[in-house]
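Here's the structure we're looking at; comments come further down.
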Amino acid sequence: MHNLAKIRADLVARLDRLAAQVERVEGEQSAPLDDDSAEQAIEREDDEALDAQQRAAAAEIIAIRHAIARLDAGYYGLCTSCGTPIDAARLAALPTATHCIACERERGG
């Protein structure tokens, strides 16, 4: 298996970047709306885009925390459905993967 310490460090670094992104986006959303109704519409659209970014970041934060927990428990890299090792290339591309390719396909992913 990969160097688990490096994988953990990479996951923690990504978690830190996401936390900073969430904090920055929250600051952008807290700005008051402009008095101009056209500008308000644009600001609402911007807020909706920021909300989508927040949801995506929150989902990734959860996935990273789960991956770190699996690392700490000694289960990282094992499919949570069938228990077989997840291919190294899949983990390199998606370090938060919880399923092997076969199980992911069965799940419809």
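Placement of Cβ uses the backbone N, Cα and C atoms for every residue, glycine included.
Just so you know, TrEMBL annotations never went through curation; they're auto-generated.
As annotated by TrEMBL, domain 'DnaK suppressor protein-like N-terminal' applies to 10-71.
Residues or ranges marked as region 'Disordered' in TrEMBL: 25-48.
Listed as Cβ neighbours of the compositional bias 'Acidic residues' (33-48) (distance under 8 Å, sequence separation of 6 or more from its ends, same chain) is no residue at all: none. Residues or ranges marked as compositional bias 'Acidic residues' in TrEMBL: 33-48.
Same-chain residues lying 6+ beyond the ends of the domain 'Zinc finger DksA/TraR C4-type' (76-106) with a Cβ under 8 Å from its Cβ atoms: 1-2, 4, 7, 10-11, 60, 63-64, 66-67, 70. Per TrEMBL, domain 'Zinc finger DksA/TraR C4-type' is recorded for 76-106.
For 79-103, the entry in TrEMBL reads zinc finger.
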Per-state residue totals over the domain 'Zinc finger DksA/TraR C4-type' (76-106) - DSSP helix, strand, coil: 12 helix, 2 strand, 17 coil
Tally of DSSP helical, extended and coil residues in the compositional bias 'Acidic residues' (33-48): 12 helix, 0 strand, 4 coil
Segment-level pLDDT (mean, integer) for the domain 'Zinc finger DksA/TraR C4-type' (76-106): 96
